[in-house]
Amino acid sequence: MEWSLTQNKLLAYHRLMRTDKPIGALLLLWPTLWALWVASPGVPPLWILAVFVAGVWLMRAAGCVVNDYADRKFDGHVKRTAHRPLPSGDVTEKEARNLFVILVLLSFLLVLTLNVKTILLSVAALALAWMYPFMKRYTHLPQVVLGAAFGWSIPMAFCAVSESLPLSCWLMFFANICWAVAYDTEYAMVDRDDDVKIGVKSTAILFGRHDKLIIGLLQIAVLALLGTVGWLNGLGAFYYAGLAGAGALFIWQQKIIAGRDRDACFRAFLNNNYVGLLVFIGLALSYLKF
(Lines of atoms letter the chains of each structure in order from A and count residues from 1; the text may use other names and numbers.)
(Lines give C-alpha, C1' and ligand atoms only; values in the text may rest on other atoms or scores of the structure.)
Protein backbone atom coordinates (compact mmCIF):
# COMPACT_ATOMS: atom_id res chain seq x y z
CA MET A 1 0.00 0.00 0.00
CA GLU A 2 2.84 2.40 0.92
CA TRP A 3 4.62 1.71 -2.39
CA SER A 4 1.37 2.30 -4.25
CA LEU A 5 0.99 5.71 -2.61
CA THR A 6 4.61 6.60 -3.38
CA GLN A 7 4.21 5.45 -6.98
CA ASN A 8 1.06 7.55 -7.38
CA LYS A 9 2.87 10.60 -6.01
CA LEU A 10 5.81 10.10 -8.38
CA LEU A 11 3.39 9.80 -11.29
CA ALA A 12 1.72 13.03 -10.16
CA TYR A 13 5.12 14.80 -10.11
CA HIS A 14 5.79 13.31 -13.55
CA ARG A 15 2.59 14.89 -14.87
CA LEU A 16 3.23 18.19 -13.07
CA MET A 17 6.67 18.50 -14.72
CA ARG A 18 5.15 17.46 -18.10
CA THR A 19 7.88 14.88 -18.64
CA ASP A 20 5.16 12.87 -20.38
CA LYS A 21 4.73 15.74 -22.89
CA PRO A 22 8.16 16.73 -24.25
CA ILE A 23 6.95 19.32 -26.78
CA GLY A 24 7.72 22.26 -24.48
CA ALA A 25 11.25 21.01 -23.79
CA LEU A 26 11.85 20.52 -27.51
CA LEU A 27 10.67 24.05 -28.32
CA LEU A 28 13.18 25.28 -25.73
CA LEU A 29 15.93 22.92 -26.91
CA TRP A 30 16.03 23.87 -30.61
CA PRO A 31 16.92 27.57 -30.23
CA THR A 32 19.46 26.60 -27.56
CA LEU A 33 21.15 24.27 -30.05
CA TRP A 34 20.99 26.91 -32.79
CA ALA A 35 22.85 29.32 -30.53
CA LEU A 36 25.47 26.78 -29.44
CA TRP A 37 26.20 25.81 -33.06
CA VAL A 38 26.52 29.39 -34.31
CA ALA A 39 28.57 30.52 -31.30
CA SER A 40 31.03 27.59 -31.55
CA PRO A 41 30.91 27.66 -34.74
CA GLY A 42 29.63 24.18 -35.48
CA VAL A 43 31.57 22.39 -32.73
CA PRO A 44 30.21 23.27 -29.27
CA PRO A 45 32.33 22.04 -26.32
CA LEU A 46 30.85 18.76 -25.08
CA TRP A 47 30.52 19.83 -21.45
CA ILE A 48 28.77 23.09 -22.36
CA LEU A 49 26.46 21.17 -24.70
CA ALA A 50 25.65 18.67 -21.93
CA VAL A 51 24.99 21.45 -19.39
CA PHE A 52 22.59 23.24 -21.71
CA VAL A 53 20.71 20.11 -22.78
CA ALA A 54 20.24 19.03 -19.15
CA GLY A 55 19.38 22.60 -18.17
CA VAL A 56 16.69 22.77 -20.85
CA TRP A 57 14.89 19.75 -19.43
CA LEU A 58 15.27 20.86 -15.80
CA MET A 59 14.14 24.45 -16.37
CA ARG A 60 11.29 23.44 -18.62
CA ALA A 61 10.10 21.12 -15.83
CA ALA A 62 10.49 23.97 -13.32
CA GLY A 63 8.56 26.27 -15.64
CA CYS A 64 5.69 23.78 -15.85
CA VAL A 65 5.57 23.50 -12.06
CA VAL A 66 5.43 27.27 -11.51
CA ASN A 67 2.92 27.64 -14.38
CA ASP A 68 0.54 25.15 -12.79
CA TYR A 69 1.10 26.73 -9.37
CA ALA A 70 0.18 30.15 -10.76
CA ASP A 71 -2.86 28.73 -12.59
CA ARG A 72 -4.07 26.42 -9.82
CA LYS A 73 -7.21 28.53 -9.20
CA PHE A 74 -8.05 28.72 -12.91
CA ASP A 75 -7.21 25.23 -14.19
CA GLY A 76 -10.17 23.59 -12.50
CA HIS A 77 -12.51 25.70 -14.65
CA VAL A 78 -10.92 24.74 -17.98
CA LYS A 79 -11.84 21.37 -19.46
CA ARG A 80 -8.35 20.64 -20.81
CA THR A 81 -6.59 21.40 -17.50
CA ALA A 82 -9.11 20.35 -14.86
CA HIS A 83 -7.31 17.07 -14.15
CA ARG A 84 -3.83 18.52 -13.67
CA PRO A 85 -2.14 17.46 -10.40
CA LEU A 86 -2.72 20.70 -8.45
CA PRO A 87 -6.44 21.32 -9.14
CA SER A 88 -7.14 17.59 -8.75
CA GLY A 89 -5.34 17.48 -5.38
CA ASP A 90 -2.77 14.86 -6.44
CA VAL A 91 0.00 17.34 -5.53
CA THR A 92 -0.26 19.92 -2.73
CA GLU A 93 0.81 23.55 -3.11
CA LYS A 94 3.72 22.98 -0.69
CA GLU A 95 4.91 19.96 -2.66
CA ALA A 96 4.81 21.99 -5.88
CA ARG A 97 6.85 24.80 -4.31
CA ASN A 98 9.43 22.32 -2.99
CA LEU A 99 9.71 20.60 -6.37
CA PHE A 100 10.24 23.95 -8.10
CA VAL A 101 13.06 24.85 -5.70
CA ILE A 102 14.77 21.47 -6.23
CA LEU A 103 14.63 21.78 -10.02
CA VAL A 104 15.99 25.34 -9.95
CA LEU A 105 18.83 24.36 -7.59
CA LEU A 106 19.83 21.46 -9.84
CA SER A 107 19.85 23.82 -12.83
CA PHE A 108 21.93 26.37 -10.94
CA LEU A 109 24.48 23.73 -9.94
CA LEU A 110 24.97 23.02 -13.64
CA VAL A 111 25.34 26.71 -14.49
CA LEU A 112 27.98 27.11 -11.76
CA THR A 113 30.34 25.04 -13.93
CA LEU A 114 30.26 27.79 -16.60
CA ASN A 115 31.82 31.25 -16.69
CA VAL A 116 30.76 34.14 -14.45
CA LYS A 117 28.94 36.07 -17.19
CA THR A 118 26.75 33.06 -17.95
CA ILE A 119 26.01 32.59 -14.24
CA LEU A 120 24.85 36.21 -14.03
CA LEU A 121 22.65 35.79 -17.11
CA SER A 122 21.04 32.73 -15.49
CA VAL A 123 19.49 35.00 -12.83
CA ALA A 124 17.47 36.73 -15.55
CA ALA A 125 16.47 33.31 -16.92
CA LEU A 126 15.00 32.37 -13.54
CA ALA A 127 13.17 35.70 -13.26
CA LEU A 128 11.60 35.27 -16.70
CA ALA A 129 10.57 31.67 -15.97
CA TRP A 130 8.90 32.81 -12.74
CA MET A 131 7.23 35.88 -14.28
CA TYR A 132 5.60 34.30 -17.33
CA PRO A 133 2.72 32.39 -15.68
CA PHE A 134 1.61 35.44 -13.70
CA MET A 135 1.61 37.74 -16.74
CA LYS A 136 -1.61 36.10 -17.97
CA ARG A 137 -3.45 38.00 -15.23
CA TYR A 138 -2.16 41.46 -16.13
CA THR A 139 -1.43 41.64 -19.85
CA HIS A 140 -2.63 40.20 -23.14
CA LEU A 141 1.02 39.69 -24.12
CA PRO A 142 2.23 36.87 -21.84
CA GLN A 143 3.48 35.09 -24.97
CA VAL A 144 6.14 37.81 -25.38
CA VAL A 145 7.44 37.02 -21.90
CA LEU A 146 7.35 33.32 -22.79
CA GLY A 147 9.40 34.05 -25.90
CA ALA A 148 11.98 35.92 -23.84
CA ALA A 149 12.07 33.10 -21.27
CA PHE A 150 12.43 30.39 -23.93
CA GLY A 151 14.95 32.50 -25.82
CA TRP A 152 17.15 33.51 -22.89
CA SER A 153 19.18 30.35 -23.39
CA ILE A 154 20.46 32.00 -26.60
CA PRO A 155 22.52 34.79 -24.97
CA MET A 156 23.51 32.33 -22.26
CA ALA A 157 24.80 29.90 -24.89
CA PHE A 158 26.77 32.59 -26.73
CA CYS A 159 28.22 33.82 -23.45
CA ALA A 160 29.14 30.30 -22.29
CA VAL A 161 31.00 29.56 -25.53
CA SER A 162 32.56 32.90 -26.46
CA GLU A 163 31.85 35.30 -23.55
CA SER A 164 30.36 37.70 -26.10
CA LEU A 165 26.89 38.74 -27.27
CA PRO A 166 27.23 39.56 -30.99
CA LEU A 167 24.51 40.84 -33.31
CA SER A 168 23.73 37.27 -34.40
CA CYS A 169 22.85 36.43 -30.81
CA TRP A 170 20.23 39.16 -30.55
CA LEU A 171 18.79 38.54 -34.01
CA MET A 172 18.31 34.90 -33.03
CA PHE A 173 16.82 35.96 -29.68
CA PHE A 174 14.22 38.21 -31.32
CA ALA A 175 13.50 35.54 -33.94
CA ASN A 176 12.73 33.18 -31.08
CA ILE A 177 10.40 35.72 -29.46
CA CYS A 178 8.47 36.07 -32.74
CA TRP A 179 8.36 32.28 -33.11
CA ALA A 180 7.17 31.73 -29.54
CA VAL A 181 4.43 34.36 -29.85
CA ALA A 182 3.28 32.67 -33.08
CA TYR A 183 3.19 29.10 -31.77
CA ASP A 184 1.86 29.98 -28.33
CA THR A 185 -0.92 32.01 -29.93
CA GLU A 186 -1.86 28.84 -31.82
CA TYR A 187 -1.82 27.04 -28.48
CA ALA A 188 -3.89 29.78 -26.81
CA MET A 189 -6.48 29.57 -29.60
CA VAL A 190 -7.34 26.12 -28.22
CA ASP A 191 -8.44 27.59 -24.86
CA ARG A 192 -9.61 31.01 -26.05
CA ASP A 193 -13.30 30.59 -25.17
CA ASP A 194 -12.51 29.22 -21.70
CA ASP A 195 -9.90 31.94 -21.08
CA VAL A 196 -12.40 34.69 -21.89
CA LYS A 197 -14.85 33.24 -19.35
CA ILE A 198 -12.33 33.03 -16.49
CA GLY A 199 -10.48 36.26 -17.22
CA VAL A 200 -7.13 34.85 -18.39
CA LYS A 201 -5.42 37.05 -20.99
CA SER A 202 -3.55 35.95 -24.11
CA THR A 203 -2.49 37.09 -27.56
CA ALA A 204 -5.19 34.84 -29.03
CA ILE A 205 -7.78 37.05 -27.32
CA LEU A 206 -5.92 40.28 -28.12
CA PHE A 207 -5.49 39.48 -31.83
CA GLY A 208 -9.10 38.32 -32.20
CA ARG A 209 -10.14 37.83 -35.84
CA HIS A 210 -6.68 39.04 -36.96
CA ASP A 211 -4.99 36.09 -35.22
CA LYS A 212 -4.06 34.17 -38.39
CA LEU A 213 -2.69 37.26 -40.13
CA ILE A 214 -0.53 38.26 -37.17
CA ILE A 215 0.75 34.69 -36.73
CA GLY A 216 1.70 34.72 -40.41
CA LEU A 217 3.54 38.04 -40.10
CA LEU A 218 5.42 36.76 -37.06
CA GLN A 219 6.41 33.63 -38.96
CA ILE A 220 7.74 35.76 -41.83
CA ALA A 221 9.73 37.78 -39.28
CA VAL A 222 11.23 34.55 -37.89
CA LEU A 223 12.46 33.51 -41.33
CA ALA A 224 13.80 37.00 -42.11
CA LEU A 225 15.71 37.27 -38.83
CA LEU A 226 17.14 33.76 -39.07
CA GLY A 227 18.02 34.40 -42.71
CA THR A 228 20.01 37.45 -41.60
CA VAL A 229 21.82 35.29 -39.03
CA GLY A 230 22.77 32.95 -41.86
CA TRP A 231 24.04 35.83 -43.99
CA LEU A 232 26.12 37.32 -41.15
CA ASN A 233 27.74 33.96 -40.44
CA GLY A 234 28.28 32.87 -44.03
CA LEU A 235 26.05 29.82 -43.74
CA GLY A 236 25.46 27.82 -46.89
CA ALA A 237 22.70 26.22 -48.93
CA PHE A 238 21.85 23.58 -46.32
CA TYR A 239 20.89 26.28 -43.83
CA TYR A 240 18.63 28.08 -46.27
CA ALA A 241 17.09 24.75 -47.29
CA GLY A 242 16.26 24.24 -43.62
CA LEU A 243 14.65 27.69 -43.49
CA ALA A 244 12.69 26.88 -46.66
CA GLY A 245 11.42 23.70 -45.02
CA ALA A 246 10.44 25.71 -41.95
CA GLY A 247 8.61 28.15 -44.22
CA ALA A 248 6.70 25.28 -45.84
CA LEU A 249 5.62 24.09 -42.39
CA PHE A 250 4.46 27.61 -41.52
CA ILE A 251 2.31 27.62 -44.67
CA TRP A 252 0.82 24.26 -43.65
CA GLN A 253 0.07 25.63 -40.18
CA GLN A 254 -1.75 28.59 -41.72
CA LYS A 255 -3.83 26.20 -43.77
CA ILE A 256 -4.96 24.03 -40.88
CA ILE A 257 -5.75 26.89 -38.46
CA ALA A 258 -7.92 28.61 -41.09
CA GLY A 259 -11.12 27.32 -39.48
CA ARG A 260 -9.83 27.93 -35.92
CA ASP A 261 -10.78 24.38 -34.94
CA ARG A 262 -9.34 23.55 -31.51
CA ASP A 263 -7.75 20.25 -32.51
CA ALA A 264 -6.29 21.79 -35.67
CA CYS A 265 -4.78 24.69 -33.73
CA PHE A 266 -3.20 22.25 -31.30
CA ARG A 267 -1.76 20.22 -34.20
CA ALA A 268 -0.31 23.42 -35.65
CA PHE A 269 1.30 24.19 -32.30
CA LEU A 270 2.85 20.72 -32.08
CA ASN A 271 4.15 21.02 -35.64
CA ASN A 272 6.56 23.73 -34.50
CA ASN A 273 8.84 21.03 -33.12
CA TYR A 274 9.63 20.13 -36.73
CA VAL A 275 10.23 23.79 -37.57
CA GLY A 276 12.95 23.95 -34.92
CA LEU A 277 14.36 20.60 -36.01
CA LEU A 278 14.62 21.59 -39.69
CA VAL A 279 16.41 24.83 -38.84
CA PHE A 280 18.86 22.92 -36.65
CA ILE A 281 19.53 20.23 -39.26
CA GLY A 282 20.22 22.90 -41.88
CA LEU A 283 22.48 24.75 -39.46
CA ALA A 284 24.43 21.64 -38.44
CA LEU A 285 24.91 20.51 -42.04
CA SER A 286 26.16 23.96 -43.02
CA TYR A 287 29.04 23.62 -40.58
CA LEU A 288 30.07 20.15 -41.76
CA LYS A 289 32.99 19.94 -44.15
CA PHE A 290 32.08 17.66 -47.06
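Using N, Cα and C of the backbone, Cβ positions are placed for all residues, glycine too.
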Given ranges 3-23, 234-254, the stretch to which Swiss-Prot attaches the annotation transmembrane segment: 234-254
Residues of the parent chain within Cβ reach of the transmembrane segment (141-161), under 8 Å, 6 or more residues beyond its termini: 27-28, 31-32, 34-36, 38-40, 44-45, 48, 51-52, 55-56, 63, 114-115, 117-118, 121-122, 124-125, 128-129, 131-133, 135, 168-170, 172-174, 176-181, 184-185, 188, 201-203, 206
Distal contacts, the transmembrane segment (213-233) - CB-CB under 8 A, six or more residues away: 38, 41, 167-168, 171-172, 174-175, 178-179, 181-182, 185-186, 203, 207, 239-240, 243, 246-247, 250, 253-254, 257, 279, 286
Residues from the same chain, set at least six apart from the ends of the transmembrane segment (33-53), whose C-beta lies under 8 A from its own: 110-111, 113-114, 153-158, 160-162, 168-169, 172, 229, 233, 279-280, 283-284, 286-288
